[in-house]
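Feature annotations, reproduced from TrEMBL:
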type	residues	note
BINDING	66, 90, 344	substrate binding site
ACT_SITE	102	active site, proton donor
SITE	142	site 'Important for catalysis'
BINDING	185, 216	NAD(+) binding site
């Protein structure tokens, strides 16, 4: 089942639990606006190249829309639509005043030079500058983009609208980026894991963890877990996988990856098949990579008792059912990986106030938001006797539906 069908299914299930009016349900599902633009740039060799840029703005009932910009050769409109919708529910679960959006350009960033990427980003920003804005739609980095991409977007947007640091988040610190933003999603995953385990009468130091994906989110999550005495027994990424039943030395593995760009040949652990990571012997499994990795083929083999969804949509609905029957507790992505959007919100707030926070305040506020959201989700689970995923979806959908009704959507 693709990401859009799965998201729509979760949404419909939540709206049935909440007893939403069918007209309101339909209205919440359809995106507010879909933008498609042509971006033609001169390449370094003098030839012209055309790319398609797009932005899906899903909902703005609770505030300006928010979501990443990805540069990827295969941009699937359905997936982007699902991710824009997920951002709406995710922002509502986190109780931050945003709606959802997502966008990007169909290109392979590895095949473009830095100057070509800059020209492409500037042309894209010129085409959508009147449809984004501090109080309208605030982009952020995503797959294939980074803080430099945001710096170019900010500069191009500011040519039309004056200096506007709050128009994008995930910026370099020197241009108004927030301290703590880089580690935010990983730290949020750590706080979410802590909240779930303590609810079940357990703690991080007594558990064994397997982490799929060792990019930004996976690496930071592993670092925080290792830092409080949790045992990370297996780690994988696209370069390979390593395991050590006594726990991997995460700082040493990070150093090894930094020097070799790979997990292979790491001395402190044994190599393993990357496909075996998801079914490896552990207490807590944290998928931090791609969507759809837990499916009906491998779900029955999963040994973990807890799954923390740090990736977007890593568990197919079929796998969800199999795992639930086995008694596996799944902490859903729309809560577990909301640390990134929460600290993006803090960055936006700091930019609007023109007053920057220190890192300690950022992390302290993030913990406060993550803990409050967890308790709000648990309250929904108790009220509707449902899983954590449905607790999170009903919480998010209910907040957006309530805001929509208060604004008078039928007028």
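Cβ atoms are placed via backbone N, Cα and C, with glycine included.
Overlay of TrEMBL annotations on the structure.
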| residue | record | Cβ neighbours (10 Å) |
| --- | --- | --- |
| 66 | substrate binding site | 28 |
| 90 | substrate binding site | 29 |
| 102 | active site, proton donor | 29 |
| 142 | site 'Important for catalysis' | 21 |
| 185 | NAD(+) binding site | 25 |
| 216 | NAD(+) binding site | 17 |
| 344 | substrate binding site | 28 |
Margin query: Checking your reading of the structure: which of the recorded positions 102, 142, 185, 216 lie inside a 10 Å Cα sphere centred on residue 66 (substrate binding site)?
Written below: 102
Check: At the Cα level, what's the spacing in Å between residue 344 (substrate binding site) and residue 185 (NAD(+) binding site), rounded?
Finding: 10
Checklist line | Closest of 90, 142, 185, 216 to the residue listed as 'active site, proton donor', Cα positions, recorded positions only | finding: 142
Checklist line | Top Cα neighbour of residue 90 (substrate binding site) in the set of recorded positions 142, 185, 216 | finding: 185
Item checked: Largest separation between Cα atoms (Å) of residues that the record links to substrate, namely 66, 90, 344 -> 13
Notebook entry, point to check: Apart from 66, 90, 344, which residues in this chain have a Cβ no more than 8 Å from the mean position of the Cβ atoms of those residues at the substrate site?
Noted result: 67, 87, 91, 94, 96, 98, 100, 140, 338, 340, 341, 342, 345
Item checked: Distance [Cα-Cα, Å, rounded] between residue 216 (NAD(+) binding site) and residue 142 (site 'Important for catalysis') -> 11
Notebook entry, point to check: To the nearest whole angstrom, what is the C-alpha distance linking residue 142 (site 'Important for catalysis') and residue 185 (NAD(+) binding site)?
Noted result: 12
